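Here is what TrEMBL says about this protein:
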BINDING   Glu90, Asp112, Leu114  Mg(2+) 1 binding site
BINDING   Asp112, Asp115, Glu281  Mg(2+) 2 binding site
BINDING   Asp115, Gly116, Ser117, Ser118, Asn209, Lys275  substrate binding site
DOMAIN    20-195  domain 'Fructose-1-6-bisphosphatase class I N-terminal'
DOMAIN    199-328  domain 'Fructose-1-6-bisphosphatase class 1 C-terminal'
Amino acid sequence: MNNNLLLEFLSEKYISLINNHQLFNLIKNIAISCKKISSILDKGNLNDIFGKNNKINVQGETQTKLDIIANDIIIHENNCIGSLSGLASEEMEAFYKIPDNYKTGDYLLLFDPLDGSSNIDVNISVGTIFSILKINRKINNKEIIINDFLQPGIKQIAAGYAIYGPQTNFVISLGKGVHNFTLNKETSEWILTNEFMKIPKYTNEFSINSSNSRYWDKCIYNYVQDCLKGSDGPLSKNYNMRWTGSMVADVHRIMTRGGIFLYPWDSRNPSIPGKLRLMYEANPMGFLVEQSGGIASNGSKRILEIVPKELHQRTSVILGSSDEVSKLLISYINTY
Ligand code: AHG
């Protein structure tokens with residue numbers, strides 16, 4: 001195994017990063033935030049951190065104590081480094097503007113501080129997802145506005161996630177491939193363990209919460225039925241199924257060994273396009289999946305081309321191994 005460290009490796013691979021102190025520092029501090037969150041999670045309820053916070057977030061979901069702790073860590077570690085003009089989080093209703101007494105920078109950080117947080121109490125992997133955008137206009141007096149954040153996913157400068165599981169990994173792309181680093185908890189260093197992650201084109205593993213099957217549209221319903229028929233059905237192969245309830249864990253599995261992940265629109269709440277958040281979950285994961293050779297779609301459109309209308313916009317998500325996702329997308333084209 002090599003001993004490539006996160007920042008050294010990225011600076012060597014992406015020469016422009018060495019001269020871009022703002023972006024370099026931002027990645028450095030996001031990685032520090034993830035180490036801190038990891039170390040808090042390691043102690044579990046020894047720190048009395050499990051359970052609800054008794055507040056409902058902007059998504060209408062009950063926050064856990066750890067949602068708030070992770071959110072505060074990311075803001076605290078990144079707001080005074082001079083790289084950002086604002087942050088937006090799944091856990092905060094409005095975006096966070098860098099306080100007047102701090103230096104501002106050219107970038108915006110969007111994040112889900114603790115994805116899959118309902119899994120914490122039962123010791124299943126959770127994660128932090130982030131997306132970095134650049135402000136695409138000249139701004140005076142630090143006056144960022146909501147429109148600065150509302151950029152489609154193709155505009156992401158970098159995106160990634162940390163997964164807190166049996167190991168803690170930091171997976172990042174700056175737009176030229178995806179790299180995976182593992183936290184050595186003895187030395188507190190992120191060590192490169194997978195350069196240029198590649199999602200296998202073919203898969204026989206699907207990932208969906210099938211308790212919602214009666215609410216799915218007919219394309220999703222028929223596709224999953226075909227998977228269940230296995231080698232006796234039209235897909236002519238047997239499938240395996242996995243669903244953790246943490247997008248980070250399900251996507252990390254797909255990034256590592258392939259698969260298809262689906263959280264589609266369903267008729268439980270027909271006016272909402274899906275459960276997952278475009279800016280904090282679908283865009284960063286879509287960026288990573290495409291950078292690893294996979295496909296990320298909402299059924300009718302590439303996720304990264306969706307032009308957001310609001311910060312907390314939701315979307316349907318179908319992503320993973322290119323051959324498998326393509327098969328399903330063809331049935332969408334033929335049906336609608
Ligand atoms: P949250 O960030 O609020 O914990 O939501 C988790 C997300 C995502 O990580 C996961 O794929 C999905 O919600 C699971 O939803 P279901 O419980 O509906 O299966």
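Cβ coordinates come from backbone N, Cα and C, glycine included.
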For Asp115 (Mg(2+) 2 binding site), write down the residues of its own chain that are at least 6 apart in sequence and whose Cβ falls under 8 Å from its Cβ; none is a fine answer. Val126, Gly127, Thr128, Ile129, Tyr161, Ser246, Met247, Val248, Glu281
Looking only at the domain 'Fructose-1-6-bisphosphatase class I N-terminal' (20-195), mean pLDDT returns 93
Sort out for me which one of Ser117, Ser118 has the most neighbouring CB atoms within 10 A, since those are the binding-site residues we care about. Ser117
Glu90, Asp112, Leu114 excluded, remaining Cβ within 8 Å of their centroid (Mg(2+) 1): Asp67, Ala70, Asn71, Ser89, Glu91, Phe111, Pro113, Asp115, Ser117, Thr128, Ile129, Tyr280, Glu281
Using a 10 angstroms cut-off on Cβ to Cβ distances, just flag whichever of Glu90, Gly116, Asn209, Lys275, Glu281 is the loneliest among these binding-site residues. Asn209
Can you tell me the CA-to-CA distance separating Ser118 (substrate binding site) and Glu90 (Mg(2+) 1 binding site), as a whole number of Å? 15
From the Cα of Asp112 (Mg(2+) 1 binding site) across to the Cα of Lys275 (substrate binding site), what is the distance in angstrom? 14
Give me the largest Cα to Cα distance among Asp115, Gly116, Ser117, Ser118, Asn209, Lys275, the residues the record lists as binding substrate, in Å as a whole number. 16
